[in-house]
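Copied from TrEMBL, the annotated features are:
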DOMAIN    99-333  domain 'Sigma-54 factor interaction'
DOMAIN    465-570  domain 'PRD'
DOMAIN    574-701  domain 'PTS EIIA type-4'
DOMAIN    831-937  domain 'PRD'
Amino acid sequence: MIEIKKIDQVYQCLKKMIDQNQAKEALSAAEIAAELEADRANISRYLNELFKKDKLIKIKGRPVLYKPNFEIEKKEANNFKKQKQIKQNKAIKSKLDQIIGAKGSLKNQIQQAKAAILYPPNGLHTLLLGETGVGKSMFANLMHNFAVVSKMLKKDAPFVQFNCADYVDNPQLLISQIFGVKKGAYTGANKDRKGLLKKADQGVMFLDEVHRLPPQGQEMLFTFIDNGYFRPLGESENKLKAEVQIIAATTENPNSFLLNTFIRRIPMVIKLPTLKNRSLEERFRLIENFLKEESKNIGNSIYINRKALISFLLYDCPNNIGQLASDIQLASAKSFLNYKTSNNKYILISQTDLPEHVQKGILNLHNQRKNLDRLFKGQNEVLEFSAQEENKIVNINSQNQNKNEAAKLNKVFYDVIENKLNSLRNKNMDEEQIQAILNIDIESHFKKHLESLPDIINKSDINKIVNKEIVEITEAILKLSSRKLKRNFDKKIFLALALHLQKSIERIKAGEKIYHPELNNIRINHFQEFMTAMEAAALIDQKFEVETPLDEIGYISMFLIENPYQINDEPKAKVAVFILMHGNTTASSMAEVANKLLGEEFAVGIDMPLEMKAQTFFETSTKKIKKLAPNKDILLLVDMGSLTSFAEMIELNQGQEIKIIDLASTATVIDASRKAILGHSLDEIYKSCLSYRIKTKKSKLKTKKQNSKKDFNSDQKELKNLIITACFTGEGASSKLKEIIENKYSQLKIKIISLNIINYNKFIKKVKTYQKEYNLLAVISTIDLKEADLPFIPAVDVLSGKAFKKLDSKLEVLDKYNKINISLTKHLDKLNSNKIMNEVKNIIDSILKQAQIEIDSDVKIGILLHLIFLIEKLLKGEELNKFSDLESYKAKNGFFMEEIKEKLYFLEREYAVKITEDEIAYIAESFLNNSETQSEIEYK
C-alpha cells in the first residue's frame, strides 16, 4: 500500500472540511489539528509550506485562516491533461515506428512516408513499389493512420482502397469506378454515379496495381494529381474537385516501360524490401508474431522445435511476408490436427509438419550458423509461443489488413477441424482415415496459398493432399492438354488443378451451382484452351459419373492458359526479334503493341515506306540489325515481297544464325518476343511462330448459292429425337430392329417407327418429311440408301453393336447441347437460348454440308458458342476484335468466307445486326483449322 505524505493529508483534510461545511470558506490550523488529532504547531508548518507552493491562500487575522487555491489546482489539472494527451499522441504517432524493421530495413521508408504525409500544405502523392506480399497495403494503411494522428487529416478521414487489377478486362468500368461516370457514357451507364475518388475526399485513396490503369485512366489520374480536379467518364463540361492524397502501389519493376510515367509524375517513391532483403532478426520477429496470432486463434500455446523454426527462418519465400504467414498457418493447422487426433499433450510444430519447400530451408544452415547461434542463445530446443503474452508489434502484411476479421476466420477454421473430427469419431471411423480426411480439408482451405508456391512440389506430396482419383484425372487432363495445346504444365499447375478439381467435383456431386462471371471472355480470348477443357470435362464426367457444367469448363480453361511464371533472375535473351514491314508505321506499330503488352522494350520495328527502294531499305535495315544485335541470333518477321529474301542476303558474324517468318501477325510478334525474353532458342521460337500459320486443308466446294431462308426455319422449337427402322415390308426385319433399339434405349425419350421400302421414292419423301418434324438420329435399313444427307446406318451394324456406338455418340453430343442450353440462360441477356441455339446449330450443319468438311463435335460446340455470344455482343453494341492481316486471309480464303457470309445472312436479318468481315474470318479459320476431312479444299 502506498503511504500518503503528511503534508498531502493536511491538504486533503482542509478541502474535505470546507466541502462538508459550505458556511466556511477558510479554516485555521487549530481546526485542522483537532480534526486530524495532531499537534497544531506541526499543522501550522505544513499549511505554510502549502501556501509557499501556491496551493493555499492565507487570510491574515486572528487566527490566520487558510483556503485552497482552486485556480492553481485547475491549472495543474489542465497541465496534467495536456501531458497525458502529449503522451497519448506520442504513443499513437509511434505506431508507424512499431512496424517490424522500423529501426532496420524499413527505417528510410518510414522517414519517407512521414515526410510525404507532413509535407505542406497537403502532403505528397506517393508510389509504393514492391513484390507481392511485402506489405504495400498495410504500409498505406499506416500512412493514413499517421496522417490522422498528426492532425494532417481529420479523425474520420476516409481511407478508400481499390485494386485496378480487378477490372483490367474492362477499362471503361475500371475508370468509372475511380472517377465516376456520367449517364450514357457507355452501354449500361443508366445514371450518374460517384467514383471512389470523390468518396475519398478529405482523405486517402490507395490504388493497388496502378500500372493496370489504361492510358485514358492514367491521364485522368495525372490531371487530378497536377490540378486537383477531375471529370467523371463521359463528362465534358463540369469539373469535380477533391482533396485526396493518392497512395499508389505496384508490383512492376521500377525500370519497366510501364512505370516510367508514374515515377516521373508522382513525387514520392518508396520501395519496400523483399523478405529476402530483411535481417534474420526481423524475420524471427515476424515468425514470432504469426505464431502468437495462431496461438490466439487456437486458444492454446504453440510449441515449435528449433529445427522447424530454423527452416522457417532460412527457406526461400518468393511471395514474401504473405506467404510466410500462410506457411506458418498451414503448419499450425497440421500440428493442431495431430494434437487432436493423437492425444498429444502439446501443439508442437516439428520439421515433418512443414511443407517440403519450407523444410528445405534447413539446407541453408551453413551460411547462417553464427547468426543463428546469436539468435538462439539461451533458448531451449523447443520454443513456446503464446497469445497470453501481449504482442505490441505491428505486423506489416498486405494479406492481413483486417486482423480482427482474419483472426475470426482462422478461429472458425480451427473450430471446423475440431467439429469435423468429433463428427467422424462419432461415426466410429478409425484415426488413420480421420487424419487423411482432415488433411484434405486443410489443404483445400489453403488452395489460394498453394497456387502461389514455387515449383518445388513432388508427386508424393500431392498424393498426401488429394486423393488418388483426383491425381489420376489431373494427370489425364494435363496429358490431353499438353498434346492438344503443344505446351508443358509444371507441378505447380498440376497441384493447383488437382486442388480445384477436388473441390469442384464435390460441389457438382452435391448439386451446388457453379458460376463463372467471365465465361464469355474466357471462351472468346482462349478458344483453344476452352475447347480442350470441354474434352477434359468429358473425362471427368466419365470417371466420376457427373455432368460438368459449362461454367466449370470455364474454370478448367484458366488452368490451361499459357502464362509463364516470372522469376527474379530473368534468363538472358539469346535471340533478337526484328519486324520488317511495308508501310510508314506497320512494323513500328506492331513492335509498340507487343512491347507494351510484355512490359519491355524488346521487339524492334523497321518500317519500309512504299516509295523506298528495296536495295536502300535492305542497306539501312541491315545496318540497324547489326548494330543492335551483334552477337545474338536473329529472327526476322516480315510481311511479303522482297523482304522474304532478306535472311539469305544478310552477312552474319561467326556463330550467328538467322531465320525468317513471312506474313507475320501481331500475335506472332508477341509470341516470338515473349519466348525470346524468356531465353528460348531460335529454333524453338521459329517452330512456335510456324504454329500460328493457318493450317488449311483443301477440298472442293460447291459454287451453287442457296437461299438462306429455305435453309433455316426462323420459328425454331425443340425437336423430339427419332429413329426410323426400315425393310421391304415394314414388319419383319424392321419390327425386330425396332424392338432391339427400344430395349436398348428404354430409359430415353426416343420415338422409333417402322417403315416399308416397297416404293423407294415414296419412302425417301416420307423420311424427309419426318426429318423436318423431328431430330432424326438414324435411318436403320436392310438396304443401302443413296441420299448422302440422311443419317443412314446398315441393319447389320445393329447386330454387331456398331450402330449403338454411333447412336451413343450422337446422344452424348445432344446431351451436351442440352446442358449448354441450360447454362446459356444465365449468360444471355438479349437472346432466347433455345431459339438461337437451334438456329446457329442449323447454320453450322449447313456450312459443313456445303463445304463437304467434317469437324469434331466439341469444335462444333465451340463455334456454336462463339456465334451465339457474337450475336449477343452485337446486340449490346460491344466492340469486336479485329482479324490480323484480314486482306491476306481473304485473298486465300475469300470464297469460303463468302459461303459463310451467305449462311449468316439469316442471323443478320433475324436480329437486325451486321456481322463484320473480321468475325467471318475468325469463323472460317475455326472451321478450316479444325477440319478432319482428308480431301483438300480448293479455293477460287
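Cβ coordinates come from backbone N, Cα and C, glycine included.
Comparing 99-333, 465-570, 574-701 for CB pairs under 8 angstroms to the domain 'PRD' (831-937), the maximum falls on 574-701. For the domain 'PRD' (465-570), the number of residues in each DSSP class (helix H, G, I; strand E, B; coil) is 74 helix, 0 strand, 32 coil. Summarised as a single figure, the pLDDT of the domain 'Sigma-54 factor interaction' (99-333) averages 88. For the domain 'PTS EIIA type-4' (574-701), DSSP puts the residue distribution at 58 helix, 25 strand, 45 coil. Secondary structure counts, DSSP: the domain 'PRD' (831-937) has 78 helix, 3 strand, 26 coil.
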